[in-house]
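Structure record follows, encoded as structure tokens.
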Amino acid sequence: MRARRVLLSTALFSLSLLAALSASSCTEDKQPPVENPPEQPPPPPPPLQITNPVLPGDYADPSVVRVGDEYWASATSSEWAPQFPLLKSRDLLNWEQVGHIFQTPPEWSEANYWAPELVVDQGRTFVIYTAKKKGGPLCVGVATAPSVSGPYTDRGPLVCQELGSIDGAMIRDENNKLYLVWKEDGNSRGLPTPFWAQPLSEDGTQLVGEKKAILMNDVPWEGQLIEGPHLIKRNGWFYVFYAGAGCCGKGCNYGVGVARSKKLLDGWEKNPLNPIMKNNESFKCPGHGSVVTDTLGRDYFLYHAYRVTDSVYAGRQGVLDQITWGEDGWPTINSRRGVGGQVLAKPPAWSDEFTTEMMTQGWQWPNGRKPMTSISNGVLTLAPPADRAMDMMGGVLARSSPSGNYTAVAILDRTGLGAETAAGLSAFGDPENAIVVALRGPKVELWRRQGNAQQLVTTVDAPAAGDTLHLRVTARTGYLFQFAVSPDGSTWTNVGGDQNGEFLPPWDRAVRVALTVGGAAGASARFDSLRITPE
């Protein structure tokens, strides 16, 4: 009997234990699952380590687009040919010139090749540019290409207002309609400078419909003008980045502004914190650029500025900064402290030994004065156009100076040089303003040309020995020059002492290093190399 009670108690305990375990299991099954902590967004990519200028030398009004993982840029060429350099980069920091938009100028144009705006729209490539019409005003023109790499076909001028039309840009409105936006150049007559917007044909080659003014220079910092519009869309807003005040020369006071609107044609408001870019201790007069989004989604502004240490003599150089977007939707650049990044200590040296039959990229000549050139066996033969042969600097082949402090050395082949031919190396502003050291017969001459008035500064005997003559120009602070010659590149004879070249740069351009030839019918000269070493 007692054994049965023990067994019964044991059975009841077991049943109770099973029930408890079952209840516990049910309770556990009904408990909500443990939630993982919310996934954190990835940290933003680190900013580029920028060293400015990213485009040392004369690269005013730069424009940039991204196609895939490549970046393409162009810039003003002004009175230099070929028109509009075409550059390529993989990282926005290191650029290689690969060609030009135009190898010969558009037939309708004659001067003032400014502000090429690269546009990729629905798989089509455009460049909107400024040029002066033959016998007429400044115009906005358009060219098209199968890809950004070219070749580009000019489609002629889009608009030529009597006061001048410059700085064109292309954008689609909120209804996906294609528009041209440009500046009317009223400041040339002391008048306001509206930004106009007008519909374009779908192929982008002609204006249709009516134009409408969307923005005007109307706040004090903008002075007599606004210009250089570049438009983007972001988060339901249109933004226009633009420049205000004076772009160029020692008295420049340029700055960068931005305005926005929900609609392209109405409701524009300017950032109350404009200008968002002004001078700092390293760069002055920043402005006229374009926005590009990199492969990681970061926005950058490629624009120009004068480097303070180079003043105007190296030109308006290409600089880059990241754009930061605030919670209020307005962009800022380097916290409004001017051009950011590290300052380039010294641009790399450059040289051309003429080892290929084709001219390397980057050589230039004055508009309408293309010299005759050929390369054979590592020697460049340079000759002026026939109608410039008697001008001692009738044939010009030039490179942009990368800074205000440099030494340039050209090696001239003396064999076969005509007795009256002058072959030289020049600090060259334009055809009317230059300083040149040149070999002519048994003499080395130093000439100054200012306002097209030419003066022989000095003459020295040329070194008697050797088939080559080294010609050297040294620049300091952009405008102080010394010239010298050597039979071997080791022993130098100074020619003419210190030369002040403050008069050299035109209003909107840099001083260049140029090989020159002329002074006689049939003049030509042979050069073995040119090397430019920044210091």
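Backbone N, Cα and C atoms are what each Cβ position is placed from, and that goes for glycine too.
Quick look at what TrEMBL lists:
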type: ACT_SITE; residues: ASP61; note: active site, proton acceptor
type: ACT_SITE; residues: GLU227; note: active site, proton donor
type: COMPBIAS; residues: 34-48; note: compositional bias 'Pro residues'
type: DOMAIN; residues: 351-504; note: domain 'Beta-xylosidase C-terminal Concanavalin A-like'
type: REGION; residues: 26-55; note: region 'Disordered'
type: SIGNAL; residues: 1-19; note: signal peptide
C-beta crowding around the residue listed as 'active site, proton acceptor', within 10 angstroms: 30
Segment-level pLDDT (mean, integer) for the domain 'Beta-xylosidase C-terminal Concanavalin A-like' (351-504): 97
Cα-to-Cα gap, GLU227 (active site, proton donor) vs ASP61 (active site, proton acceptor), nearest whole Å: 11
